[in-house]
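Peer 1: So TrEMBL lists the following for this protein:
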ACT_SITE  B:His119  active site, proton acceptor
BINDING   B:Asp112, B:Glu183, B:Glu185, B:Asp217  Ca(2+) binding site
BINDING   B:Tyr114, B:Arg128, B:Gln224, B:Tyr228, B:Thr330  substrate binding site
BINDING   B:Asp217, B:Lys237, B:Thr241  Mg(2+) binding site
DOMAIN    B:14-104  domain 'Fumarylacetoacetase N-terminal'
DOMAIN    B:111-393  domain 'Fumarylacetoacetase-like C-terminal'
2 protein chains.
Amino acid sequence: MPADTPADLYGPDNLPYGVFTTADAPERRRIGVRLGDTVLDLGAAAAALGSPHAELLSAPTLNPLLAAGRAVWTAVRTELRTWLREGRAELTAVPLADVTLHLPFEVADYVDFYASEHHATNVGKMFRPDSEPLTPNWKHLPIGYHGRAGTVVVSGTPVVRPQGQRRTPDGPVFGPSQRLDIEAEVGFVVGAPSRLGEPVPQSAFRDHVFGVCLVNDWSARDVQAWEYVPLGPFLGKSFATSVSAWITPLEALDAARVAPPERTHPLLDYLKDDADDPAGFDVRITVTLNGQVISEPPFSAMYWTAAQQLAHMTVNGASLRTGDLFASGTVSGPEKHQRGCLLELTWSGENPLELPDGTRSFLEDGDEVVLTAWAPGPDGGRVGLGEVAGRVVKS
Amino acid sequence: MPADTPADLYGPDNLPYGVFTTADAPERRRIGVRLGDTVLDLGAAAAALGSPHAELLSAPTLNPLLAAGRAVWTAVRTELRTWLREGRAELTAVPLADVTLHLPFEVADYVDFYASEHHATNVGKMFRPDSEPLTPNWKHLPIGYHGRAGTVVVSGTPVVRPQGQRRTPDGPVFGPSQRLDIEAEVGFVVGAPSRLGEPVPQSAFRDHVFGVCLVNDWSARDVQAWEYVPLGPFLGKSFATSVSAWITPLEALDAARVAPPERTHPLLDYLKDDADDPAGFDVRITVTLNGQVISEPPFSAMYWTAAQQLAHMTVNGASLRTGDLFASGTVSGPEKHQRGCLLELTWSGENPLELPDGTRSFLEDGDEVVLTAWAPGPDGGRVGLGEVAGRVVKS
């Protein structure tokens, strides 16, 4: 199959939002929309064309747009598509190669789930070989934990290899992680907040969630394995989490909606699937390491949907804030070439990957990982997500 | 011993910072300092007296002051103490009873540690009766995890009993938590940020940490017990975390510094104690339930210090942001009446507390919990911390 061009993946049915600067005004962050290999200056167009949303589109982050809620999200997208159709000259396009992209929103809370049955099963076999791979709760609730919002970084940010404690037969030692890994994930960005004490049901998913990004949840497996009992991952994850510079609005993924996998256990009411409103997304991820494709994880294989995660995350009354980010957990499919992290791909280093520049069990300094993805769009087209790129730097 | 008066506990050697409004200007949040049973309007005084810090003291939160760094923290405190000594009329005092207190800073990331050996041992015995109570890592690193920053609330905020899943012999069921608990903790508020990839050593603790608050980390034990393997606490904690309205600057606790307990295991270099700079704090907490004292946890008994927690939290290169909050974990001492949560005080409900209004294993709707604390001040005086109050509301 021929590679998709930027024009195919970032056409008028996609229109993801980001924040950019140009060399002549490096301090002036602006909201842009990707079209092909250009960036449309949305704030400037909105002002020139007298849009009622000009003020929130002239902000230096997406947060005011996120906070404005679903009706405004739809109105802005409709406006923009109209301007494109009419070929408005006010919609200036800057070549993508000429801009610097920034973290597009201020992250409020960051939650990471664990929603792939294939991933959780594989990790369980490796980390807890004497137990059932899936813990007894796994099929009853979408397991998740809070991560560090302050170290969410935009695609392209170098990732310094973390130092930390790892276990040896002679006790813990300190040094650079020797098992630095990736996790290919899909992230969901909350726009409209909710009130403390008021759960958000699955049916309100589209009222609260603005859009989707790709996430690389870098993980130091040796640090994680030593620290994570009993309170979960901490320093093994908190050094960096990379997100794509582009947030694809949910509306662009309407054609990608699919039913989640068949349920093997009955679900409590607040987690029940709505057969008339399929909550899975057919997003197909590609992971490259130094330019070589090492995995193609299918997001459609995820057991728990983002709507279920949202409902679960708030069922205890926890409130949502504009800028909350929740990620799916590693996306792994049933096949070996669909596993979304090196831990699984190399089976904890037992079966290293063969790459043109040598074998890899875990990441080496200088390695670059890039995640890209696409989803079915309307009329047989494709909607591109991504990319999330990051290079490992020696610590 | 006679009860300490507000004048004793909140004298000129304490001077904690908060944010208040008055009834005549309920939208105008102002920075105040507590003195006795009054609130000094610090922003107004700074402006009237031509302070170089007037601008950051006129902010609606403490964040600009926090971000300004240690030299400014010291200068502002010195200025204020001078104005008090000189009896400056510009320093207007509003009765504490006439103000509304607000969350004093915008919480960036919230981390909760697990630093009491007594608490961790007791919980281990109850949650994992077939294993050693302390996990093998416990004496080698301060175990912690990220909590939900968006549900940190100020003292006085009602706490809606969370709903959630709990385990039964017939599988999980959904409903209001039946084991709602408190955790008495001490929190540390980060002022000066750090850069991604650059660990913060223990020796820089006072350059980054602005001050101290009290924390009640409300916990739904039934939700937590079912969800927490393998990725740690999530909904069992994320519904609410209450903090005191007053942040006591570290300088006010100089006389309270004490050495931590003797170490039973060798520590890696970045966690080694500095015998010349004791990093423990002799803070004495009192927990009341509906007005009855139920526990008096001693913070001096904590195995891990806040300086060690800061060094550990950043040793992997994770950055600090202004407004980061990290809490100690439940403060429990060696004695039964020093245990900082109901789980321990009632031994998981086996030995309910006898209160004037009946027995309690866990919290009932309408129960009010109040944490207060004091620490030794200069010249034999006392420095008050707190309070953190919260009443349980039916969900």
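Each position is counted from 1, following the chain as shown.
Even glycines carry a Cβ here, placed using N, Cα and C.
Remember, TrEMBL labels are computer predictions, not curated facts.
On this model, are these features tucked inside or out on the surface, and what's nearby?
Peer 2: Around B:His119 (active site, proton acceptor), the C-beta neighbours below 8 angstroms that are at least 6 residues distant in the chain are B:Gly329, B:Thr330, B:Val331, B:Ser332, B:Arg339, B:Gly340, B:Cys341, B:Glu344. B:His119 (active site, proton acceptor) carries a helical DSSP state (H, G or I).
There are 27 other CB atoms within 10 A of the CB of B:Asp112 (Ca(2+) binding site), with all protein chains counted.
In the three-state DSSP assignment, the secondary structure recorded for B:Gln224 (substrate binding site) is helix. If you take the C-beta of B:Gln224 (substrate binding site) and look for same-chain residues 6 or more apart in sequence within under 8 angstroms, you find B:Pro233, B:Gly236, B:Lys237.
Summarised by DSSP class, the composition of the domain 'Fumarylacetoacetase N-terminal' (B:14-104) is 36 helix, 28 strand, 27 coil.
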Peer 1: With the Ca(2+) site defined by B:Asp112, B:Glu183, B:Glu185, B:Asp217, which remaining residues of that chain have Cβ atoms positioned within 8 Å of the Cβ centroid?
Peer 2: B:Ala184, B:Val215, B:Asn216, B:Ser219, B:Lys237, B:Thr241, B:Ala327, B:Ser328, B:Gly329, B:Thr330
Peer 1: Which of these binding-site residues, B:Glu183, B:Tyr228, B:Thr330, are close to chain A by Cβ (under 8 Å)?
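Peer 2: So the ones by chain A are B:Tyr228.
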Peer 1: Taking Cα atoms as reference points, which of the binding-site residues B:Arg128, B:Tyr228, B:Thr241 is nearest to B:Asp112 (Ca(2+) binding site)?
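Peer 2: Checked the binding-site residues B:Arg128, B:Tyr228, B:Thr241; minimum Cα distance to B:Asp112 (Ca(2+) binding site) goes to B:Thr241.
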Peer 1: For the recorded Mg(2+) site, whose residues are B:Asp217, B:Lys237, B:Thr241, find every other residue on that chain with a C-beta no more than 8 angstroms from the centre of their C-beta atoms, and list them by sequence position.
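Peer 2: Result: B:Asp112, B:Gly147, B:Arg148, B:Glu183, B:Val215, B:Asn216, B:Trp218, B:Ser219, B:Ser238, B:Ala240, B:Ala327.
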Peer 1: So how many other Cβ atoms are close to B:Lys237 (Mg(2+) binding site), meaning within 10 Å of its Cβ?
Peer 2: 28
Peer 1: In which DSSP state, out of helix, strand and coil, do we find B:Thr330 (substrate binding site)?
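Peer 2: In the DSSP reduction, B:Thr330 (substrate binding site) maps to coil.
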Peer 1: Could you check which of the binding-site residues B:Glu183, B:Glu185, B:Asp217, B:Tyr228 is the closest Cα neighbour of B:Thr241 (Mg(2+) binding site)?
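Peer 2: Comparing Cα positions, the candidate nearest B:Thr241 (Mg(2+) binding site) turns out to be B:Asp217.
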